[in-house]
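Feature annotations, courtesy of TrEMBL:
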| type | residues | note |
| --- | --- | --- |
| TRANSMEM | 28-51 | transmembrane segment |
| DOMAIN | 43-292 | domain 'G-protein coupled receptors family 1 profile' |
| TRANSMEM | 63-84 | transmembrane segment |
| TRANSMEM | 104-122 | transmembrane segment |
| TRANSMEM | 142-170 | transmembrane segment |
| TRANSMEM | 199-228 | transmembrane segment |
| TRANSMEM | 240-263 | transmembrane segment |
| TRANSMEM | 275-294 | transmembrane segment |
Amino acid sequence: INMHLGNQTSVSEFLLLGLFTQPEQQELLFALFLAMYLATVVGNGLIVLAIGLDSYLHTPMYLFLANLAFADISSISTSVPKMLMNIQTKSPSISYESCVTQMYFSIVFVVIDNFLLGVMACDRFVAICHPLNYTAIMGPRLCLWLTAIPWVLSNAVTLTHTLLLLRLVFCDGNALPHFFCDLAPLLRLSCSDTTANELVLFVVGSWVVTLPFALTLISYVCVVRAVLRLSPTEGRWKAFSTCGSHLTVVFLFYGTIAGVYFFPSSSDPDNRDKIGAVLFTVVTPMMNPFIYSLRNKDMKGALRRLLHGRRALPVMP
C-alpha cells in the first residue's frame, strides 16, 4: 500500500471509516442514504427538466434555480455513491488519486451553492424592490455573467486548496474518519506542516462564505422592507412565508459550514465534521426541491405539464 519517499512514507490509498463503525448499523445507513440520494436526484432532476423544457420558466430566477439543482445533484453524487458502494462491498478503501478528485468536486459544488444562493437572493431583491426595471436590469448578458461567475470562482478556489494539498505527505496512518474525502480531515491526517493550508482555508473560506451570505442577508432585508409596505395582509404573509422557508435553508447551509470550518475545534472534531458534511452535502440538497418547488405555483404547474407530457406555450409580452 505504501510508497517510500526518502525518509518518509506516503500512503497510496485511504480507508473511509464512514459515519458508524458498528456492522449492525450499516444496513440501516445504506437504506437511509440510498433513499436520500434518490430523492435528491429525482427531485432536482425534475426541476432541471421542467425548467429546460417549459418556455414559461425561461427567466433569470429559474435559470439560477436550474443551476442550483444541477449543483445539488452533483454535490451529493460526489460522496454518497462511493459510501454506498463501500457499505455493500465492505471495502472502505479509496485510492489517493480518487480521494483528491472526490475532495475537489465536493468543494466545487459546495462553493457553487454558496454563490448561487447569493445570486438568487439578489435576483429576488431586483424583482421585488425594482419590478418595473427588472427586465432591463436582469438582461441576458448579466444573467450569463451571474451564472458563469460562480462556476469560475468555485473552480479557482478549489484548485488553490488542491494544489496546496498535493504538496503534503501522508505517512503511515491512512484511516480517514469520514464518509468521503473532505479537506479538513485530510489536513489533520497529514504528517506535513499544514499551517499554510489552514490559513488559506480560513481566509479564502471566510470570503467564500461571507460574501454570498452578506448579499443574501442584505437582499432579504430590503425585500422584507418592501413587503411591509404592501397593503394586503394575505400578500404579506405569503411573501414572508416564502422568504422564511428560503432563509431557513440559507441559515442551515451557511451556519453548518461556519460551524464545521471556522469555529474553534470541539472535543470531537471528527464527529463534528461528519455531522456538518451530512447537513450541507446531503440534507440541504434534498430539501431544496421542496423549498423552491412545492411552494411555487409556476414550478408546480411546470412539473405537472412535464409529468403529463405537455409543453407550455410561450408567454406573450
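Backbone N, Cα and C define each Cβ position, glycine as well.
In TrEMBL, annotation is done automatically, which means it is predicted and not curated.
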At a threshold of under 8 Å on Cβ distances, which of 63-84, 142-170, 199-228 pairs most often with the transmembrane segment (275-294)?
63-84
Intrachain residues whose Cβ lies under 8 Å of the transmembrane segment (142-170), provided they are six or more past its termini:
5, 8, 10-11, 14, 60, 63-64, 67, 96, 100, 103-104, 107-109, 111-112, 114-116, 119, 122-123, 183, 186-187, 189-192, 194, 196-197, 200-201, 204, 208
Six or more residues out from either end of the transmembrane segment (28-51), which same-chain residues have a Cβ under 8 Å from its Cβ atoms?
18-20, 57-58, 62-63, 65-66, 69-70, 72-73, 76-77, 80-81, 83-84, 87-88, 282-283, 285-286, 288-290, 292-293, 299, 302-303, 305-306
